[in-house]
Amino acid sequence: MQYPVALQTQTLSTPSTPEPHTPTPENEPKVIKITNCKILRDHKIVEHDAIWIQGGKIIDPHKFFWYQKRLPDTVLDAGGLLVVPGFIEAQINGAFGVDFSVPSDSETYEKDLLKVNRGLLKYGTTSYCPTIVSSSASVYHKVLSHLKPRAGSATVGATMLGAHVEGPFINEARIGAHELKVLQASAKNGYADFKDVYGLEGETPAEQRKLSKEDQNSVKIITCAPELEGIMDSIPDLVEAGITVSVGHSMANISQAEDAVRKGATFITHLFNAMPQFHHRDPGVIGLLGSRPDLPRPYYGLICDGIHVHPNSVKIAYDSHPEGVILVTDAMSAMGLAPGNYQLGNMNVTKEEDRVYIEGTDTLAGSVITLDACVRNFMQFASCTLTEALEAVTLHPAVLLGIQETKGVIKPGADADLVFLSDDLFVKRVFVAGEEVELDSIDVRVTEKF
């Protein structure tokens, strides 16, 4: 996969034509310089470098000094930690006792969103797509209005990028934990059917794309099954509407899967899960990892908890298409809770350290892994480099979502969303929009046990 030109290594240079120096206005944002750190930059770990921040953005220190002729206001010693872009989560159903797919009154839903937005920062996630499982139109119309893109901060938590709607245009043969009665068996009317189900505000794909550019589009990703009637022909319109199309919960054969990619699909939802097993004569959706060079291979999500996907399968996927991996948690509302018994939605569940069961059974109720743990597991499972593991939660999801100029990278102009990691890849410090988060002050405890 060819990285966009904007992400290829660039050398910072001094401006060719100096401008007259002017005194710094009193209201000029303060400048922070982060030193004594290792930095993930330009596809490698850079040592003996620094990060300069002003006004919530990463700035070019050469231009700053050249034009403003002053030193930083604050110098922060990172203590030798590794500083990387904030993690980006493309699929998470809930956390800390909150389920995004369960409607409530507006005040309660917003309060719950704030809890998740802040809580995710503890694990390095500074941007995410709240994910809604297959639901009725009435549910989408009620909750999606709360999930439009909104900026993050050290106070309000992670940036919301827009929702990932996982269904209901999926194949009932690969329903997973979704509810059968709310599925849509077809999209005979194309874009109009998606508009009606999700409550999209744009009457046409072009109008919806305009809303997307204005950060008013609540739907960022749609997971659908391309083999269903009308779905394949709808993909170009969904892409035109500014929506990332993902293939998932599907029985598509390899021909149908490749057609979906030709039409504009760029992602595979939780690879290996909710799709046919690999077969040598027809590898189905999984076979997209081995597509011909003339067909762009899509990105693919991997749940690296060692439960949903065997470590050997993780390595097979990585070896096949290392530049396409995006680590996701696909976590449900028990993520982040202490071990114990809880009532979550309409389920009584038992949460253990790394998994959650429906109470009294051995049936998994979903994933509870955190994104930083996915990174640690992925390095172990795939035997990949540190850079590759980190780009699977930074650069790759940013490119998938078309936000690589501001998220997922450390370069001038990007948002100053930063995660400070120890050598064993545990989160030690977090910055959102250039402001440090007080991680110890984040309280996401849930006491509603049964």
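Every residue number used here counts from 1 along the chain in the order it is shown.
The backbone N, Cα and C atoms fix where each Cβ goes, and this holds for glycine too.
Per TrEMBL, these features apply:
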type: ACT_SITE; residues: ASP330; note: active site, proton donor/acceptor
type: BINDING; residues: GLU166, HIS249, HIS270; note: Zn(2+) binding site
type: BINDING; residues: ALA177, ASN273, ALA274, ARG281, HIS308, LEU364, ALA365, GLY366; note: substrate binding site
type: DOMAIN; residues: 82-437; note: domain 'Amidohydrolase-related'
type: REGION; residues: 1-28; note: region 'Disordered'
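When the recorded positions ALA177, ASP330, ALA365, GLY366 are screened for a C-alpha within 10 angstroms of the C-alpha of HIS270 (Zn(2+) binding site), the residues that qualify, in sequence order, are ASP330.
Other than the site residues GLU166, HIS249, HIS270, same-chain residues with C-beta atoms no more than 8 angstroms from the centre of those residues' C-beta atoms, the Zn(2+) site, are GLN91, GLY167, ILE170, GLY176, THR223, SER246, GLY248, THR269, ASN273, ALA274, ASP330. Distance between Cα atoms for ASN273 (substrate binding site) and GLU166 (Zn(2+) binding site): 13 Å, as a whole number. In terms of Cα distance, none of the recorded positions chosen from GLU166, HIS249, ASP330 sits within 10 Å of ARG281 (substrate binding site). Looking at ALA365 (substrate binding site) and HIS249 (Zn(2+) binding site), their Cα atoms lie 17 Å from each other. Looking at ALA177 (substrate binding site) and ASP330 (active site, proton donor/acceptor), their Cα atoms lie 12 Å from each other. Residue density at ASN273 (substrate binding site): 17 other Cβ atoms are found within 10 A of its Cβ, drawing on all protein chains shown. Neighbour counts of Cβ atoms within 10 Å were taken for the binding-site residues LEU364, ALA365; the minimum is at LEU364. Within 10 Å of the Cα of ALA274 (substrate binding site), the following recorded positions from the list GLU166, HIS249, ASP330 place their own Cα: HIS249. Using a 10 Å Cα-Cα cut-off around GLY366 (substrate binding site), the recorded positions GLU166, HIS249, ASP330 reduce to ASP330.
Counting Cβ atoms from all protein chains shown, HIS270 (Zn(2+) binding site) has 23 others lying within 10 Å of its own Cβ. Considering only the recorded positions HIS308, ASP330, LEU364, the residue whose Cα is spatially closest to the Cα of GLU166 (Zn(2+) binding site) is ASP330. With every protein chain in view, the residue among the binding-site residues ALA177, ALA274 whose Cβ has the most Cβ partners within 10 Å turns out to be ALA274. Sparsest Cβ environment among the binding-site residues HIS249, ARG281, HIS308 (other Cβ atoms counted within 10 Å): ARG281.
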